[in-house]
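A.B. asks: Annotations per TrEMBL:
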type: BINDING; residues: Glu115, Glu154, His157, Glu262; note: Fe cation 1 binding site
type: BINDING; residues: Glu154, Glu205, Glu262, His265; note: Fe cation 2 binding site
Amino acid sequence: MAARFKKTSSLRYSFATSSRQAPISLPYFTENQSQLRYVASVPVATPSNSRQPAPFSTLPLSWPHKGWDHNIASQIVPSHRPPRTISDKLAYTLIRICRWGMDFVSGMPPESPGESLAGIPGLVAGSLRHLSSIRRFAPDQGWVKTLLEESYNERMHLLTFLEIYKPGLVMRALVFAAQGVFYNTLFLAYLISPKFVHRFVGYLEEEAVHTYSRCLREMDKGLLPKWTEDKSIRIPEVAVKYWGMEGRRTMRDLVLYVRADEASHRGVNHTLGNLDQLTDPNPFIEAHATENHMVIAAVRPAGLEREEVVGKQ
Ligand SMILES: [Fe+2]
């Protein structure tokens, strides 16, 4: 039987194995707050009345978004960084092939299939750089945070759209299969050439900016009435909370902010693809603390050149 676990005061918790049982008082910390001390191991408990996780909108944000200036988000445009090396050309060719494949299976909401995969590269890159740092007993040059935040941001895109459109069985099966292939392929690719993977993701995000820009154009022309006229579509609370969309709760605003996020990932990954993977610092890490690093990246669609990051060698 699942246990119930409930906080009964600021310092005491109670726990019971069924709803009919009286809660057993369990000392958790000493009563003296100035000398908080762990005094008992507490069993992990789950709510007995539901196996459903808490609604996403009620959970605290792991990486709160700093929000977008509406004018900056409106000025994002599709852009392309011409390939310069053989590796760049290979990355771009692969993206074009993937794009063709996505268009081929179109008919599904365009944002969902891509968003279900877009959260993977940052996680793979961030986790591998984290492991590399541990292996080498050396700092990671500040890359891990930005990469993991990118994967969280992409997951927020997906979870937001899934609050609006519930995926069917076919979509779930496709995502399941695609995730297995994409994750493992990226994992191996990042071990072989992280530079190639960052360039690949830079081109992937170019396509994302292109897709959302097309959505915005079509919404403005009235070609997507399900997004502009369907009164049953409400911007989910999680999106309002994440992007700070109070007062701007239209689908157009949501797409505008998601596109700006993609533009930021475009700039970040093209920048990281320009850098020495082992020695160069992440130029966006300082901005994390003081300003919105995503703005800096979004307005540099081809990324920062290495000379700008480390100076002329
Ligand atoms: Fe996304």
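Just so you know, the numbers here start at 1 and follow the chain as drawn.
Every residue gets a Cβ built from N, Cα and C, even glycine.
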A.B. asks: If you skip the near sequence neighbours and keep only those at least six away, which residues in the chain come within under 8 angstroms of Glu205 (Fe cation 2 binding site), Cβ to Cβ?
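C.D. replies: For Glu205 (Fe cation 2 binding site), the qualifying residues are Glu262, Ala263, His265, Arg266, Asn269.
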A.B. asks: Taking a cut-off of under 6 Å between Cβ and any atom of ligand 1, tell me which of the binding-site residues Glu154, His157, His265 pass.
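C.D. replies: Only Glu154, His157 qualify.
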A.B. asks: Determine the minimum-neighbour residue: among His157, His265, listed as binding-site residues, which Cβ has the fewest other Cβ atoms within 10 angstroms?
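C.D. replies: Least crowded of the binding-site residues His157, His265, by Cβ count within 10 Å, is His157.
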A.B. asks: Least buried of the binding-site residues Glu115, Glu154, Glu262, going by other Cβ atoms within 10 Å?
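C.D. replies: Output over binding-site residues Glu115, Glu154, Glu262: least Cβ neighbours within 10 Å is Glu115.
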A.B. asks: Which residues, same chain and not among Glu154, Glu205, Glu262, His265, have a CB within 8 angstroms of the centroid of the CB atoms at the recorded Fe cation 2 site?
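C.D. replies: Close Cβ neighbours, site residues excluded: Ala118, Glu150, Asn153, Val201, Leu204, Ala208, Asp261, Ala263, Ser264, Arg266, Asn269.
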